[in-house]
Amino acid sequence: MRSFSKILAVASLAAIANSAVLKRDNNVLEVTLVAGENAVVHASVKNVGAEDLNLLSYGSLFDTAPVQKINVYEGETAVPFKGVLRAIQRTDLAPEVFHTLAAGETFETSFNAAEVHDLSTSTYTFVAEGAIPFAKAGSTEISDSIIFKSNAITVSVDGEAAKSVAKAIPSSIDRRTVLQSGCSTSQRSATTQALSYCASLARAASTAASSGSSTKFSEYFKTTSSSTRSVVAARLSAVASQCSSLTSGSTKYYCTDVYGYCESNVLAYTIPSTNEIVNCPIYYSALPALTGTCHAQDRATTTLHEFTHAPATYSPGTADNGYGYAAATALTSARAVLNADSYALYANAIYVGC
């Protein structure tokens, strides 16, 4: 897997924030994109429902971090995302991780897609799509997810101008700095255990995807097609391989916050462009090593979740299209196959017997 020289070089973890019930009416949030200069996007989110909403900011248009706010396509091909994918604790959420959007209120933001995508001179399609977990106004307990999809905009990009935009994530970081902040004895022990459990869970889930119950597979991936089962099995097998070694592999695993994205309730995060995975302090303090409860979070499935994000594990890497059982099982098959939590939830279900 990688090497434990203060950094736990290897691959993954992180489970993510999410909702519990089912998706709401797609029309509750009206998301609109408008093209700005070159790769700049102006986005608005309007609450067109009758109730105030407390929306989880992480991983959405409300997030100030370089997260995947839009999907970028060149023709039919998705342009790789080069920002950060953060895993969020689903319980005991802090008030500051939410954005309250009153009924009838509109939130506006602008960002440059070139900060987290490599764009050349070409024509691209930008669209925002996903599921935002929310709590009732005044509460921080996730009650459901809202599925949304914006209009698609066509953008002509000047490649030279796009290249001049500073990247949100550098291509590499100072390894000496990483080596100065290493794993404690307890962190190393917890991470090693999580990796071992991750390998076992991923291996069992891979076998189940190949030849197990088609009904159970369809529950999480919305199809029983042999081609999709093969892809899911292969990705899980690759995760098992990465989790099985501490001294070799294609990803790097850190016990400390080398990029500075461990904010409130963040368990871990992945930088897909560099195949780096980072544990946050609450990964160790808030999660059990392995849960026996259906669809609950633990260190093992958080690690499995993060491994699927890294394209070096299996390409393409997954995204965070839906957090938690309710949102993940509301996805289409095409989006579920590229959703990290779908793999974590499926592996948990196979292990627990959900």
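FYI, residue positions are counted from 1 along the chain as it appears here.
Every residue gets a Cβ built from N, Cα and C, even glycine.
Residues or ranges marked as signal peptide by Swiss-Prot: 1-19.
Summarising the environment of C183 (disulfide bond), the number of other Cβ atoms within 10 Å of its Cβ, over all protein chains shown, is 21. Residues or ranges marked as disulfide bond by Swiss-Prot: C183-C255 (among others).
C262 (disulfide bond) falls outside any helix or strand according to DSSP and counts as coil. The feature disulfide bond is assigned by Swiss-Prot to C262-C280 (among others), with similarity to another entry given as support.
Of all the Cβ atoms in the protein chains shown, 29 others lie within 10 Å of the Cβ of H309 (Zn(2+) binding site). The Zn(2+) binding site annotation in Swiss-Prot covers H305, H309, D320.
The active site annotation in Swiss-Prot covers E306. Annotation note: E306 (active site) sits in a helical segment as assigned by DSSP.
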For C255 (disulfide bond) and E306 (active site), the CA-to-CA distance in whole Å is 14
Would you identify the secondary structure of D320 (Zn(2+) binding site) according to DSSP, in three states?
-> coil
Would you kindly give the Cα-Cα distance separating H305 (Zn(2+) binding site) and C183 (disulfide bond), rounded to the nearest Å?
-> 21
Out of H305, E306, H309, D320, the recorded positions in the record, which is closest to C280 (disulfide bond) when you go by Cα distance?
-> E306
Residue among recorded positions E306, D320 with least C-beta crowding, 10 angstrom cut-off | D320
